[in-house]
Amino acid sequence: MDGTSICNYIVYILLSHQIYFVRKEKQLKQWTYSTTLSTTRQQKNTINAVNKVEQNRKHKVSKKETMEMSVGSANTGGSPTKLTTVAIAVKSGSGSRRAVRWVVENLKADRFVLVHVMPAVTSIPTPSGDQIPITEMDENVVAMYVQEVKLKFGQVFIPFLNLFKTSKVETVVLEDDYPAVGLLRYISEFGIQTLVLGSYSSNYMKRKLKGPGVPNSVLKCAPDTCDIRVVYRQRIITKQGTSSSGIKKHIYGPINASAESTAQNSFGTASSFELNYPYLHAFSSRGSLTNASSISHCHSLGSTQSEKAEVEQLRLELQNTVAMYKEACEELVDTQNKVRLLSSECLEEASRVNAAQEREEAFRKIAAEEKVKLLQAMKDVEEAKHLLSREANGRQMAELNAHKESLEKQKFVDALFCCDRRYRKYTRDEIEVATDFFSVSNVIGQGGYGKVYKCSLHRTPVAVKVLQSDALDRKEEFLREVEVLSQLHHPHIVLLLGACPENGCLVYEYLENGSLEEHILQKSGKPPLPWFIRFRIVFEVASGLAFLHNSKPDPIVHRDLKPGNILLDRNYVSKIGDVGLAKLISDVVPDNITMYKDSILAGTLFYMDPEYQRTGTVRPKSDLYALGLTTLQLVTARHPNGLLLAVENAIKNCCLADILDKSITDWPLAETEELARIALKCSKLRCRDRPDLDTEVLPILKRLVDVADASLKLGKNNVYAPSYYFCPILQEVMDDPHIAADGFTYEHRAIKAWLGKHNVSPVTKRQLQHSVLTPNHTLRSAIHDWKSRVTLSST
């Protein structure tokens, strides 16, 4: 089945559903109309029955009155007396109460009629809140609704009926949009002799704003056969009929207010009055007032008990009918809701059908376009066949070139990490097992690249520096550090044992006594260092910097020298660490020239060369600034901020002893001041003002270290051995030192055990040319003398 057939089938189904919903809607409307019509007929029959009972009662009353009039005529011996009728136009308000009270007190008549004009009914509300014109409704329904409205408006007569105690009172509800027009038509058609109205606004401004009121309009347009009386608060305006012409004003005293309050309190609400006077209101149909009927309440003593029972029964039937009507209205609302729901579903289905048709048309257009494209593509394929072989050859050549480049890159990586015998390559598993999967408990510090873990590899304590996982832009720096450190072998530079390129890890030798910063600030319970060890540390650090600066073919600058990067082994021998920020300088800038270039600054702020900060140019003397500041910290144990100025002032004022570290009590003041002066020279702001490390700084530091060693020999606590007394494998003072093929001296038993398993140097990791071991008698003699000296000093 193709797409067109499917779409036609869907359209057929949707149209069938739409026709079904329309039929259901018509059936629901017919059922609703029949229900409403039956309810209306029941109400009409009930109303006709009530009207019939009322007409019988009126007939009896009129017959009785005729008899009374005939008796009166017989007694007087003359013709029947003409009945007088007084109509009072009322509405809710004090003016109507004033007018009724005045009529009761001042006028006598055979018949009193209370008249109220309501707006004309033009539309009928539905239970759903809509308005339907009466021209579109059934006449019976309209008549029933008009009668119900008149019943509601008839409640306005309740406050006034109690004022007429013995007189007969009728009530009439007129229907007109203009009250004055309705009253004038009522006067003309029913021959009313007297009409009384109440005035509702005595204020001049209110009358001007509202315009001519109902009393004024009736006074001007009333026929001459009727007397019009308008009752104001302090006066009465009278327009007399043909007997006397003109309008007269009569001034009366204030009307008694008790009657007004009595009228209100006697009747209360509309519901209570309907119980006492069930025949009060009259239902009038639309059209002229000649067809209007009224339900009048007269206090007749001659009504029988049977009539009351019949009326009560009819009232109950009317209530039942009204209840049924309300129930029918509720069902009508539900039905309308269902109809609306079905209509909305029909609209949705119709919209879906339209959308399906639009999609079908769009698919047809797309199919036509695709057909054109297919023809063009076939032409292109024919042309492409001629180029296919050429493109295939080109792709094969590109794949071969890519594969060749990949092999070259792999060879380069292997040459960098695997073939370089200067350090050992560790696997990812070895690093993870050694660090207990990088446990937090093994973290001993934070380096320039990431965290530093203490662990053991092959039963050797090591420090593993791990590159941070999010620092992907530092991979090049990592490779550079591996390349640089693998070439550095010096007693005062931290030894690189190996690397793990997979995890970005560097494996260093582990130094037990931590960093120099911990001893200066006495962190983690570190004891303060003696002054002679501090002198020796300055000399050792300067020696390590000289080694870096004299590297070939290009000098190496550390750029981040500080106490935190100077580490101490178990014998307090210092070694420079974190050479990862070292920079190879191919073009050395002369010291007397200031050069500006773009560069990314590296290092710690307080230890950074000011000229490097200002120009971005790094040179070997940049490390001298950090060396001088570190030396002053060793002497004073103070923070580097403002330390240079404090030391300069102390030397000028000859009070250097006041700022020295108080934890040391035996400072040699002369040597300490000389050390502080050389440190200040190294910390000059400009590089050209700083001394040369090899020719000026190291000789002075060497002489100061000799003084410290001499003092150490005379002391009783001479327990510190030089670093070259220790075996690189065991890290212990050697008893039988031997020289291996790599030029380093080891303990004989340790190097012998090492050569039994390896053929590379324990220090350089390069292959040894032979395994011959040569005794180092000179070093053994020196170690023997040192041990004897230590023994004598301890005794």
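Positions of Cβ are set from backbone N, Cα and C atoms, glycine also.
Per TrEMBL, the feature region 'Disordered' maps to 55-77.
Per TrEMBL, coiled coil is recorded for 308-410.
Per TrEMBL, ATP binding site is recorded for K465.
For 720-793, the entry in TrEMBL reads domain 'U-box'.
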Next on the checklist: From the DSSP assignment alone, can you count helix, strand and coil residues within the domain 'U-box' (720-793)?
Outcome noted: 28 helix, 12 strand, 34 coil
Next on the checklist: For a quick check of packing: other C-beta atoms within 10 Å of the C-beta of K465 (ATP binding site), how many?
Outcome noted: 25
Checklist entry - Taking DSSP three-state, what's K465 (ATP binding site) in: helix, strand or coil? => result strand
